[in-house]
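A.B. asks: Below is the structure I would like to discuss, written out as structure tokens.
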Amino acid sequence: MCAKQQQTLLPTRAAHGRLHRNRDAVAWPFSTLCRVSGPTLFQMTFTAALWVAVFGKCGPPPAIPNALPASDVNRTDFESHTTLKYECLPGYGRGISRMMVYCKPSGEWEISVSCAKKHCRNPGYLDNGYVNGETITFGSQIEFSCQEGFILVGSSTSSCEVRGKGVAWSNPFPECVIVKCGPPPDISNGKHSGTEDFYPYNHGISYTCDPGFRLVGSPFIGCTVVNKTVPVWSSSPPTCEKIICSQPNILHGVIVSGYKATYTHRDSVRLACLNGTVLRGRHVIECQGNGNWSSLPTCEFDCDLPPAIVNGYYTSMVYSKITLVTYECDKGYRLVGKAIISCSFSKWKGTAPQCKALCQKPEVGNGTLSDEKDQYVESENVTIQCDSGFAMLGSQSISCSESGTWYPEVPRCEQEASEDLKPALTGNKTMQYVPNSHDVKMALEIYKLTLEVELLQLQIQKEKHTEAH
């Protein structure tokens, strides 16, 4: 009997005689039910009733971030296996959770609730402006701004807030509208190209002056902004001032009609030349719209072009009453004659010089020159005289050619043969007259040179004969 009651009514003994809650079992202190008295049995019965009351109870609904129970908010305890539904706070949405809590038999709440901030729609791009913000979730704020030259029309901020069952931006998105300048300023004696009442940012206009006036300053101004949004014209407009030409000043020239102390646009004068000069250009000139005279003439001494020279050139300088021309020669040529000629009263005075080629001094060994100089000019002749005991091989007279070389070639002075060797030069037998082999060799060399000279002379004569015919 005692064993049966122990199996049916009593839980397992608790260690150290204390009451414990351990999942689905409760234990309290007693040794056996075989020997119980009345008070002891009452105590055991009360404890069993208390165990039934405590086991499986959950406390108030748990506090979950951004969520609240859908019902039974004020209850403080719930039976085991109780299920409570939760709802997300406004501005938050459920994820993949079941959105409920469950009271487990152990008296603990099992939570399956998750709420996250909802997203407002992406604001996208703002034409001609900027959208700044870190997130677009519930509670966040974005700011709007415009590029330079544009004005923000609408609110500069918008917040993601609750709207009905969802979230939306608190303010409509603004626009960036281009700024416009008013009419450009007018100018005296001129006008601008604008025809509108208002001109958008970066739009420009140009100014022109009336006839007889010229523009001072930049002809262009544009619509711009200060502080990024205040429209202003970029600069002050130009001005138009009356066109004035200075007195025409022409060397050797004079105004014969139309003289004024001040000349304005389209005024004209007639000019003439003095001192025997001739007018080159138009006699009548006009004050132009740019403040300059139309092509000014010149008064020149009416000489033809100075004569050109071969292998040389000239430079000219015009003075008050005379024109001077200076001649110079190319490299390798020397000026022969006066280097300067002049034009006065339409006539050249003096003869143009010549540029003649330069030949270097001929080098002749064992001989002398008829005229010794470091350089010789074209067509200049030189005669060569061989020293005593030397015979000339070549032409005695040579001339400086236009190419700067001597013609014919510079001759040579060779040592004459002795009396004993003269028969060798005439072609006679030599061995009976020559004392030794050295003299024989020299005689043969001299004879060879003589033949070469004679051959050269024959060729020259032949060429001259050919040129003559």
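Cβ atoms here come from the backbone N, Cα and C positions, even for glycine.
Features from Swiss-Prot:
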type: SIGNAL; residues: 1-56; note: signal peptide
type: DOMAIN; residues: 57-117; note: domain 'Sushi 1'
type: DISULFID; residues: C58-C103; note: disulfide bond
type: CARBOHYD; residues: N74; note: N-linked glycosylation site
type: DISULFID; residues: C88-C115; note: disulfide bond
type: DISULFID; residues: C120-C160; note: disulfide bond
type: DISULFID; residues: C146-C176; note: disulfide bond
type: DOMAIN; residues: 179-242; note: domain 'Sushi 3'
type: DISULFID; residues: C181-C223; note: disulfide bond
type: DISULFID; residues: C209-C240; note: disulfide bond
type: CARBOHYD; residues: N227; note: N-linked glycosylation site
type: DOMAIN; residues: 243-301; note: domain 'Sushi 4'
type: DISULFID; residues: C245-C287; note: disulfide bond
type: DISULFID; residues: C273-C299; note: disulfide bond
type: CARBOHYD; residues: N275; note: N-linked glycosylation site
type: CARBOHYD; residues: N292; note: N-linked glycosylation site
type: DOMAIN; residues: 302-357; note: domain 'Sushi 5'
type: DISULFID; residues: C303-C343; note: disulfide bond
type: DISULFID; residues: C329-C355; note: disulfide bond
type: DOMAIN; residues: 358-415; note: domain 'Sushi 6'
type: DISULFID; residues: C359-C400; note: disulfide bond
type: CARBOHYD; residues: N366; note: N-linked glycosylation site
type: CARBOHYD; residues: N381; note: N-linked glycosylation site
type: DISULFID; residues: C386-C413; note: disulfide bond
type: CARBOHYD; residues: N428; note: N-linked glycosylation site
A.B. asks: Roughly how many angstrom lie between the C-alpha atoms of C103 (disulfide bond) and C88 (disulfide bond)?
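C.D. replies: C88 (disulfide bond) has its Cα 20 Å from the Cα of C103 (disulfide bond).
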A.B. asks: Give me the CA-CA distance between N227 (N-linked glycosylation site) and C146 (disulfide bond), in Å, as a whole number.
C.D. replies: 12
A.B. asks: Using C273 (disulfide bond) as the reference point, find which of the disulfide-bonded residues C88, C223, C245, C287, C303 has the shortest Cα-to-Cα distance to it.
C.D. replies: C303
A.B. asks: Can you tell which of the recorded positions C88, C160, C181, N275, C287 lies nearest to C400 (disulfide bond) in space, using Cα positions?
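C.D. replies: So, of the listed recorded positions, the one sitting closest to C400 (disulfide bond) is N275.
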A.B. asks: Which secondary structure state does DSSP assign to C115 (disulfide bond), in the simple three-class scheme?
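C.D. replies: Its secondary structure by DSSP: strand.
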A.B. asks: Who sits close to C355 (disulfide bond): which same-chain residues at least 6 apart have their Cβ under 8 Å from its Cβ?
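C.D. replies: Listed in sequence order, they are I309, V310, N311, G312, Y327, C329, D330, Y333, R334, L335, V336.
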A.B. asks: Within the chain of C240 (disulfide bond), which residues six or more apart in sequence place their C-beta under 8 angstroms from its C-beta?
C.D. replies: I187, S188, N189, G190, C209, D210, F213, R214, L215, V216
A.B. asks: Using C176 (disulfide bond) as the reference point, find which of the recorded positions C299, C343, N381 has the shortest Cα-to-Cα distance to it.
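C.D. replies: Among C299, C343, N381, C299.
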A.B. asks: Using a 10 Å radius around each Cβ and all protein chains in view, which of these disulfide-bonded residues has the most neighbours: C58, C245, C386?
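C.D. replies: Neighbour-count leader: C58.
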A.B. asks: Radius 10 Å, atoms counted are CB only; among the disulfide-bonded residues C88, C160, C359, which position scores highest?
C.D. replies: C160
A.B. asks: Other than its own, how many Cβ atoms are within 10 Å of the Cβ belonging to N275 (N-linked glycosylation site)?
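C.D. replies: So the number of other Cβ atoms within 10 Å of N275 (N-linked glycosylation site) is 14.
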A.B. asks: May I ask which residues of the same chain, at least 6 positions away in sequence, place their Cβ under 8 angstroms from the Cβ of C223 (disulfide bond)?
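C.D. replies: Residues satisfying the criterion: V179, K180, C181, Y199, P200, Y201, N202, H203, G204, P231, V232, W233, S234.
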A.B. asks: Helix, strand, coil: count each for the residues of the domain 'Sushi 6' (358-415), based on DSSP.
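C.D. replies: Secondary-structure breakdown of the domain 'Sushi 6' (358-415): 0 helix, 29 strand, 29 coil.
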A.B. asks: For N381 (N-linked glycosylation site), what residues in its own chain, 6 or more apart in sequence, show a Cβ-Cβ distance under 8 Å?
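C.D. replies: Long-range Cβ contacts: S397, I398, S399, C400.
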